[in-house]
Ligand code: NAD
C-alpha cells in the first residue's frame with residue numbers, strides 16, 4: 001500500500017467500512033497544497049481491493065494535476081465506493097459515505113463520477129457540506145463539453161492553422177453526457193460529425209439531430225478525420241491503437257486517454273497533436289469547484305474559456321521544446337504541485 005502511495009506522491013489515504021449499510025470506501029487525497037482535495041466518487045464493482053485502491057490513487061493524482069493546470073485553488077482527491085453485488089438501500093449507503101467524508105473536516109470534497117448520480121450526492125449532502133454536483137448544483141457535463149469545445153478550437157488553430165470548425169471532420173467516440181453535448185456544439189459550428197457509441201440509440205439520435213455519420217465502435221479510431229475526440233472510456237490511445245489513427249489531432253473529453261506517456265511521444269512522432277486530456281476536460285471540475293464556492297455562471301464561463309488559452313500555451317511550449325504536449329502539461333503541473 002505504501003509503495004503505491006509513494007509512487008504517486010499521495011498525501012493521505014482514508015478507508016472506511018460499515019457492515020450496516022454495505023459501505024466499503026476508499027478516499028485518496030493526493031495533494032492539498034493548492035487547496036482542499038476535490039474529486040469525484042466512483043461506485044463500481046472491482047475484481048479486488050487492490051484494484052480499487054490503485055484506481056483511487058491514480059485518479060486522485062490526476063485530479064491534482066487537473067486542478068493545478070485549471071488554475072484552481074484546489075487539490076486533488078478521489079473516492080471509490082466498492083459496489084456490493086446486492087445493496088439493500090442505496091440511499092443509506094451514500095449517507096454513510098457522507099458521514100465518512102465529514103470526518104475528514106473538509107480536506108476532501110466529493111462529486112459525481114462513474115456510477116454515481118446527483119441523487120447520490122443529495123444523500124451525501126445530508127451529512128456533510130463537502131459535496132458538489134448535487135441536484136441543486138447541476139450536472140457538470142455540459143460545462144465539460146463547453147471546455148472540450150474551446151479546446152478543440154485551440155487544437156485546430158495549433159495543428160490546422162485555423163479555429164474555424166466549419167467543414168472539419170470530427171470523430172466523436174462516445175455520445176454520453178459529454179460526447180452528445182459536444183457533438184451538438186460541433187454541429188452548430190459547422191463540423192462534419194462521425195460518431196460511434198455502444199448504445200445504438202444515442203447514435204441514431206446524433207444522426208437524426210446533427211446529420212452525423214455513424215461509424216461502428218471498432219472502426220472509429222481508424223476512420224480518417226481531422227480531429228478525433230475520445231469521449232468514452234479511458235485507455236483508448238495504446239500500443240495497439242496508436243498506429244491505426246488517421247487524424248491530425250486528438251482532442252476529447254475522456255479521462256486517462258493515454259495508456260502511458262510514451263504513447264504521447266508516438267503521437268508526436270506521427271505528427272498527431274494531442275490535447276492533454278486533463279487540461280481539455282477540466283470544464284466540469286472548474287464548474288463544480290467554482291459553484292461550490294458560490295460563484296455565479298458568468299465567472300464560471302469566463303474561467304472555462306481559459307481552457308483554450310491554456311492549451312495554446314502548452315502547444316507552443318511543446319513545439320519550442322520539441323516535446324509532446326502531454327509531457328509539457330505534466331511538467332507544468334508538477335512545477336505547481338512540487339516546485340520541481
Ligand atoms: P457517459 O457514461 O455519460 O458516456 C460515455 C459514453 O461512451 C456512453 O454512451 C458509452 O456507451 C460510450 N462508450 C463507451 N465505450 C465506448 C466505445 N468503445 N466506443 C464507443 N462508445 C463508447 O460518460 P460522460 O460523463 O459523458 O464522460 C465521458 C468521458 O469523459 C469519461 O471518460 C469521463 O471520465 C470523462 N469526463 C467526464 C466529465 C463529465 O463532466 N461528465 C468530466 C471530465 C471527464
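Quick reminder: no glycine exception, Cβ is built from N, Cα and C everywhere.
Annotated active site, proton donor/acceptor per TrEMBL: 78, in sequence order. In this structure, residue 78 (active site, proton donor/acceptor) is part of a beta strand by DSSP.
Every protein chain shown contributes to the tally, and the Cβ of residue 176 (NAD(+) binding site) ends up with 17 other Cβ atoms within 10 Å. Among the features that TrEMBL reports, NAD(+) binding site is placed at 174, 175, 176, 177, 178, 179.
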With Cβ-Cβ distance below 8 Å and at least 6 positions apart along the chain, what are the contacts of residue 78 (active site, proton donor/acceptor)? List them in sequence order.
27, 28, 30, 39, 40, 41, 42, 55, 56, 57, 59, 60, 62, 63, 113
Measuring CB to CB from residue 179 (NAD(+) binding site), give everything in the same chain under 8 Å that is also at least six residues away in sequence.
145, 172, 173, 195, 197, 229, 231, 232, 253
Please list, in sequence order, every residue of the chain apart from 174, 175, 176, 177, 178, 179 whose Cβ lies within 8 Å of the Cβ centroid of the NAD(+) site.
141, 172, 180, 181, 182, 197, 202, 231, 232, 253
Starting from each candidate's C-beta and looking 10 angstroms out, tell me which of the binding-site residues 175, 177 has the most other C-beta atoms.
175
